[in-house]
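Quick look at what TrEMBL annotates:
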- 59-63, 120-126, 149, 240, 295, 344, 410: (6S)-NADPHX binding site (BINDING)
- 60, 116, 152: K(+) binding site (BINDING)
- 380, 381, 382, 383, 384, 409: AMP binding site (BINDING)
- 13-206: domain 'YjeF N-terminal' (DOMAIN)
- 207-464: domain 'YjeF C-terminal' (DOMAIN)
Ligand SMILES: NC(=O)C1=CN([C@@H]2O[C@H](COP(=O)(O)OP(=O)(O)OC[C@H]3O[C@@H](n4cnc5c(N)ncnc54)[C@H](O)[C@@H]3O)[C@@H](O)[C@H]2O)[C@@H](O)CC1
Ligand SMILES: [K+]
């Protein structure tokens, strides 16, 4: 993992800062790096407009004084508002280097760009009503708002909002990404994001942004089985499995079969529909991966089909109805390291209740569920997170919100089984599926349907070659 890909909690960020200090870098030097790096971006977006910097008492405020002085020295008209005096040595030193005046209230202050340096990763409680009002009024009187590290009022580790937090145009993460840059509801407030590097080293067992995948064309001597045979197991409602299967055909696997007792007159010619008895179909030793859940149903017959799939010993994606049926009994004797679960919020809650996970917050729940069960968990949604039993956790760049549409989850599950069939491990398969899915959504454009997504998978795939 490159240092720029790691996602650090507030405590990990403090430890990383201390490690740098132990190597001889002073806090003041770090603050200069952070503030000057942030000022570069602000200088660009300000494009000559006046800038107001709101400074708090901690080192986030300290960054603000550095930003203010850097921009002033470059000829920008800068005003500083500081409702509280600096409380750390580094912030006091930064304030002493600021050559302009400091206002204590925001009265009659208007400008082009507001830079929020009130609180960063040191926020421990909701903003006082006075601070919240000051921030809201300043934001209303500026055309463009920038949050330094995090919008003031956002909880660094879980992405919760400690009070009213307005929407920013840009958030500049300092030193490393934080979980709040990827998790709802904070994700809905931070606007565009950029990372300002300050030389933070790799932190052991840190979460990461799942790296952009890089696919290869099939080997010259490849044939359909060496590329992977993926099976999509249908159930009561055939449409969802069919959608997943058509997506799986475009996700890298060489051969996709739909195991379904229904007739599928609209199936593409290249999709083999196998209506034989499920246990005999599953007896084929060539299966590379299976998907079960979309349209499966939740009755006893569905449970039997799920049991048969789990008993096949093949790498498997479990989605939708399979996630409502899954329990300890079904997992008895099954190697969980082969399984990838793709729950949405409701399914994640159901699984946590079933397996005794009491953690709070999406990341922590996914992590705990994976740790307790040994399964790989892809908790999908506007803030998708991926967690493996060995503790790996990954976040993803924000995907288009147009994905909030029926059937897009089936497409994701189809992509995941396809990646799994190519030989990828569950964690890698899940992460690559999320990237493909988001790229296809970008190509499909606004107001997309799940069928549009499938149509765009080929061009999306090409972006990763
Ligand atoms: N950790 C690092 O490596 C670096 C951190 N930097 C900056 O330092 C920030 C973290 O600095 P701090 O830990 O000083 O934290 P903050 O600047 O977020 O502020 C913490 C201070 O505010 C108080 N406080 C917390 N919540 C409050 C509330 N609701 N109302 C009033 N006071 C409140 C705390 O008691 C503490 O005094 C980062 O967000 C980043 O901007 C950068 O300067 C560069 C390097
Ligand atoms: K801030």
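Don't overthink the numbers, they just go from 1 along the chain as shown.
Positions of Cβ are set from backbone N, Cα and C atoms, glycine also.
Cβ proximity to the AMP site centre (mean Cβ of 380, 381, 382, 383, 384, 409, cutoff 8 Å) flags the following additional same-chain residues: 344, 345, 379, 399. Averaged across the domain 'YjeF N-terminal' (13-206), pLDDT for the predicted model comes to 96. Across the annotated binding residues for AMP (380, 381, 382, 383, 384, 409), the two most widely spaced Cα atoms sit 14 Å apart.
Here residue 124 ((6S)-NADPHX binding site) is positioned 17 angstrom away from residue 116 (K(+) binding site), judged by their C-alpha atoms. Less than 6 Å separates the Cβ from ligand 2 in the case of 60, 152, drawn from the binding-site residues 60, 62, 152, 380, 383 in sequence order. The separation of residue 62 ((6S)-NADPHX binding site) from residue 382 (AMP binding site), Cα to Cα, is 33 Å. Most Cβ neighbours within 10 Å, among the binding-site residues 62, 381, 382, 409: 62 holds that distinction in the structure as shown. Considering only the binding-site residues 149, 383, the Cβ with the fewest other Cβ atoms within 10 Å is that of 383. Annotation for the binding-site residues 344, 380: lowest Cβ count within 10 Å of the residue's own Cβ, 344.
A count of other CB atoms within 10 A of each Cβ picks out 384 as the most crowded of the binding-site residues 124, 384. Residue 60 (K(+) binding site) sits 8 Å from residue 149 ((6S)-NADPHX binding site), taking the CA atoms of both as reference points. Remark: of the binding-site residues 60, 152, the most isolated position is 152 (fewest other Cβ atoms within 10 Å of its Cβ). Within 10 Å of residue 384 (AMP binding site), as judged by C-alpha distances, the binding-site residues found are 344; the full candidate list was 62, 121, 124, 152, 344. Residue 116 (K(+) binding site) carries a strand DSSP state (E or B). In this structure, 121 are the binding-site residues from 121, 383, 384 whose C-beta falls under 6 Å of some atom of ligand 1.
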